[in-house]
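Here is the structure we will look at, set down as C-alpha cells.
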Amino acid sequence: MKIIALRSSLKLAARIAEELKTEPVMPDERRFPDGELYLRYDEDLTGHNIFIIGNTHSDAEVMEMILTLSAIQDYRTKSVNIIAPYYGYARQHQRYKNGEPISSQILTEIYSSYSNSIATVDIHDEKTLSYSKVKFSDLHANDAIVRYYKNVDVDYVVSPDDGGLARVADISAKLGKKHFFIEKKRIDDRTVEMKVPNVDVNGKKLLIVDDIISTGGTIAKSSGLLREKGASKIYVSAVHGLFVNGSENKILQNADEIHVTDTVESKFSDISVYQEVCNYIRDIDA
C-alpha cells in the first residue's frame, strides 16, 4: 500500500502511516507565478493500493484532490482509494432553488470517476453517498470520542438538537451514561427557541456532542442554557471542528473545554480517528 498525504491532513496521514508501518507519500508541490497549483508524484506507485488522505473542504483542497487523482493515472496502481476525513460541500446535497448547483453531486461524480472507492467520517448528509459511481463508505467517530472520554467524569451526554440524538445515544450507552437533547421550537422564519428538557442538571458534569462546529451558534446557546440551569462542568466535543470566525471564543464563554477529532486539524484536535481509518484501509489492502 501507499499512503498519499495531502496538505489538509498531514498529521492524521502521518499517524495512519506509522500505524500501518509505512511512510506517507507527498508530492512535489508549488505554485506557478499566476497562483495556480503544480504538483507531481515521482515515487513509483505501480502495483500498489493507493490511499489518498485529504479533506475536500476549501476550494484549494478540492483542487489538490482532483490534480492528485489526475497525476497518479500515469502509474498502473492496483487501486485508488480516496479518504476525505471531512467531506466538503456535503451540505449542498440538493437543489433548494432553481439555478443552484448540487455541489456534492458534481464533485462526488468527479472523484468517483478517478477512484475505486471513497470514504469519509460522519458525512453531513448521506444523500451524497448515492452520487458516487464506486463504493462510498461513511465511517463513524463515535468510538474515538468514547475512547477519549471513557475516563472523564460526566453525568450526561447531550445533543444540541434532536438530529444528533442517535450519535449521542450510542456514545452515552458506551460510556454508561444518561443522555438527552436540547429541544428546539421554531417561532417564525427567523427565530428558534431552545430549551432544556425536564432534566435536573444542577451541579452536573455534561458532555455536549455534535457532528460539526462551524459558526458555533447552536453549541454556544446550548452551553449557555445548561450553565443557567446550574451545570458545574461543560465539555464540548464534535467530529469536525471548523471554528469559523473564531467561534471557539463564543463557545468557551460558557463551556469549560473543547475537544474535537482530527478530521480537521486544529488546536482542539485531541481525539483521533486514525484507528477507524486504519481498520478501513486494512480491509481493502488485505
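Each Cβ is built from the backbone N, Cα and C atoms, and glycine gets one as well.
According to Swiss-Prot, the feature ATP binding site maps to D34, G35, E36, R91, Q92, H93, an assignment based on experimental evidence. Residues annotated as Mg(2+) 1 binding site in Swiss-Prot, with sequence analysis given as evidence: H124. Per Swiss-Prot, the feature Mg(2+) 2 binding site maps to D161. Marked as active site by Swiss-Prot: K184. Residues annotated as D-ribose 5-phosphate binding site in Swiss-Prot: R186, D210, S214, T215, G216, G217, T218.
Swiss-Prot feature annotations superimposed on the structure.
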residue: D34; record: ATP binding site; DSSP (3 states): coil
residue: R91; record: ATP binding site; DSSP (3 states): coil
residue: D161; record: Mg(2+) 2 binding site; DSSP (3 states): coil
residue: K184; record: active site; DSSP (3 states): strand
residue: S214; record: D-ribose 5-phosphate binding site; DSSP (3 states): coil
Would you kindly give the Cα-Cα distance separating R91 (ATP binding site) and the residue listed as 'Mg(2+) 1 binding site', rounded to the nearest Å?
6
How big is the Cα-to-Cα gap, in Å, between E36 (ATP binding site) and S214 (D-ribose 5-phosphate binding site)?
28
Between the Cα atoms of T215 (D-ribose 5-phosphate binding site) and K184 (active site), what distance do you get, rounded to the nearest Å?
18
Spatial neighbour of T218 (D-ribose 5-phosphate binding site) that is closest, considering only the recorded positions R91, H93, K184 and their CA atoms:
K184
Counting across all protein chains shown, how many other Cβ atoms sit within 10 Å of the Cβ of T218 (D-ribose 5-phosphate binding site)?
21
For a quick check of understanding: given the listed ATP-binding residues D34, G35, E36, R91, Q92, H93, what is the maximum Cα-Cα distance in angstrom, as an integer?
32
Just to be sure I understand: of D34, H93, K184, D210, G216, G217, which recorded positions have a C-alpha no more than 10 angstroms from the C-alpha of D161 (Mg(2+) 2 binding site)?
K184, D210
Measuring Cα to Cα, tell me the gap between S214 (D-ribose 5-phosphate binding site) and R91 (ATP binding site) in whole angstrom.
12
Among the binding-site residues E36, D161, D210, whose Cβ has the fewest other Cβ atoms within 10 Å?
E36
Listed in sequence order, residues with CB under 8 A of G217 (D-ribose 5-phosphate binding site) and six or more positions away:
S247, K250
Going by Cα-Cα distance, pick out whichever of the recorded positions K184, D210, G216 is nearest to D34 (ATP binding site).
G216
Quick one: pull the CA-CA distance for K184 (active site) versus G216 (D-ribose 5-phosphate binding site), whole Å only.
16
List the Cα distance (Å, whole number) between G216 (D-ribose 5-phosphate binding site) and H93 (ATP binding site).
22
